[in-house]
């Protein structure tokens, strides 16, 4: 007996020619093999399918029971296209249908996501008056929900004359599937108020919604109701409970449910393993996997995927290979999801060749997910060019990138242009996606193009906390505290809850010298209120912010309060003390770090050697440099060599500084030559200064510092002719000297001053205060050091110039604008001159003020007539 279920050729042709067939318009959407539907390949053998002869060939007028029986068999075996084609035949030949027929075909439409067919079946239900049938109404409701037509589904539900528990469950499940989780809980309560007793499927839908919404407290109440109604023994209900608890981070409660189950299936075990992996409970996941094997439960696809993900997270190559072998043994080696997971694991374990071999065997199964995983793997392993080649090949093969692909390839700078990828994303309509939009703005931020980053940010449809944090980080990178603050306030205004990364970014922006100091304190208080001040990234940002804003004591308090410290915290504290000239404290932190066996990097030693440099600890600096190379196996970077040059240069050991430059394995950069040039100016070494200036000008011809320092060296040597030549060269090359200015913050307002500035509204009072200080300084025996004025003018004029330096104007304003004994904090964009350094020491004694001055090199803490630098800077 034949097993063919298709229409005869003539009947099929007749069917396709039937113009008044209401399904004719959409037949092409789901037709199989055009005119002759092929016999289905059923997953489960069905007696009726094997033994029922074709209705239209063997029976001129098959009865309703035969039609429905065959239709149900197709639907049960997930042969939905064949089921819909069969219904077309039934309808075309005018065969009778009932509620069961329409309920079944509506289910099929939902599974096919074919709302057009579903609406036309809806019309048939109306025409035949079958909407009063509760099973038809429920199936119609379910179809609309599955095709994401929630409003239509709700209208069907509201117009149903009779509603049973299945109808309510379909509605609840539909809302849950469409992410409307708050409505699920409301409907669940309404359902009970109307006297409908929930069934196990109802609870499964509700628990899923509660887990997604994070309302675990309500979930616990639902759990109590499940126990009360006696459904705790239903396996899939217990599975839903386990899933809810694990998605809420309640592993112990999930374990209690699991241990109390009399019957566990593969879904139960997989749910536990996946949940443990998601919550970072790797040992518990492996233990559960071992117990599953002992229990004799057959592994499924979902058993392996979370375990392979675990291996990827831990970079556990050995276990990855073992799982791969088991995958082959259990016949899952052709599963594309498992192959992709294995590719990711091998990539993270730095076995990129093994990952690529797997990718190469996928052939037709290669999809956008596997391509993206392979591109990401190459990027993770530093093979940027290979990643870009794969991205190009992917486009050539006709595989369209998705949002994850664009987000991934945008990290391949500088091998790709953010402008080009941005254009592609716009063309593919992905630029408004949160993940792509955030990646685009981050790429622009890395280029320093904050304007384009802001435009990309504004284009994002639904900005999540990651997008907001990325935009904040962009403003922090360029030191725009005002822009960062505006973004933060906009974020709060739109009801987005800041996280630790948001606070970290905005606090970093407040570390800018131009940022209002109180602003950083306010964000610190806000982070405390939000219970995020103890987060690692927030603590590190606070340490950096307080250290850079001159309050090293507050930085240390934050450091000491940290329950857990990462490398960034230690490095921030060492660098902070180094900047403030507290070399001894910086080295104490470093030694404490060593005792705790913390891993160190080049940034650690930059801080340590800088601390030694600012304090003149040459021998200690040399020793730490050697320890770094010999014990910690850290190769010196350009910045580390620059620190060593600075160490010797400050100490006047210019020959040793040159030895370091000559032994470097790569050409010295601008920072190295600028350091040597500044030291040559301080120690009046003309020839070495000329060499350093020439090298620096060749590297950065538009940098005014090289010209100014060289002209100052000539001036200090009395060679005014050469000094004029350098200045003339600056004019020819249109290089402008950076004007020196200082600023002070008083009552949340920043006041800036240039040298000899008379533009401030309180200029008269400021200069009167300077005259008063001048008299008191003379009484203390102060004599201006006119050697710091490198101009060919009279000494009297030099004294006037010195007395009107920008930092002195800022200090004078601070003295008259703040109450007595108030500490003053000044920032200057250039190095403080030696004469001003002497004067500020005396002012701190005369006025009884603590004065902190931050220049381009470091912080100077003046108190009671002395400075923390010990006059060594």
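Placement of Cβ uses the backbone N, Cα and C atoms for every residue, glycine included.
Automatic, uncurated: that is what TrEMBL annotation is.
Broken down with DSSP, the domain 'DYW' (781-873) shows 38 helix, 16 strand, 39 coil. What TrEMBL lists as domain 'DYW' is 781-873.
Taking DSSP states H, G and I as helix and E and B as strand, the repeat 'PPR' (164-198) has 26 helix, 0 strand, 9 coil. Sequence annotations record features per position, and here TrEMBL assigns repeat 'PPR' to 164-198 (among others).
What TrEMBL records for 199-233 (among others) is repeat 'PPR'. Secondary structure counts, DSSP: the repeat 'PPR' (199-233) has 28 helix, 0 strand, 7 coil.
Residues annotated as repeat 'PPR' in TrEMBL: 265-299 (among others). Proximity of distant same-chain residues to the repeat 'PPR' (265-299), defined by a Cβ-Cβ separation under 8 Å and at least 6 residues beyond the stretch ends, is recorded for 235-236, 238-239, 242-243, 245-247, 249, 251, 254-255, 258, 305-307, 309-310, 313-314, 326, 330.
What TrEMBL lists as repeat 'PPR' is 367-401 (among others). Within the chain carrying the repeat 'PPR' (367-401), a Cβ under 8 angstroms from the stretch's Cβ atoms is held by residues 336, 339-340, 343-344, 346-348, 350, 352, 355-356, 359, 408-409, 411-412, 415-416, 424, 428, all 6 or more beyond its ends.
The repeat 'PPR' annotation in TrEMBL covers 464-498 (among others). Looking only at the repeat 'PPR' (464-498), the predicted model's pLDDT averages out at 91.
Feature annotation from TrEMBL assigns repeat 'PPR' to 566-600 (among others). With a threshold of 8 Å between CB atoms, the same-chain residues lying at least 6 positions outside the repeat 'PPR' (566-600) that come near it are 536-537, 539-540, 543-544, 546-548, 550, 552, 555-556, 559, 606-608, 610-612, 614-615, 617, 620, 624, 628, 632, 634, 858-861, 868-870, 873.
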Legend entry - For the repeat 'PPR' (464-498), distant same-chain residues with Cβ under 8 A (at least six beyond the ends): 434, 437-438, 441-442, 444-445, 448, 450, 453-454, 457, 505-506, 508-516, 519, 523, 526, 530, 532
Inset, instruction - Please give the sequence-distant neighbours of the repeat 'PPR' (164-198): residues at least 6 beyond its ends with Cβ less than 8 Å from one of its Cβ atoms. - result: 134-135, 137-138, 141-142, 144-146, 148, 150, 153-154, 157, 205-206, 208-210, 212-213, 215, 218, 222, 225, 229
Legend entry - Counts by DSSP class (helix H/G/I, strand E/B, coil) across the repeat 'PPR' (367-401): 26 helix, 0 strand, 9 coil
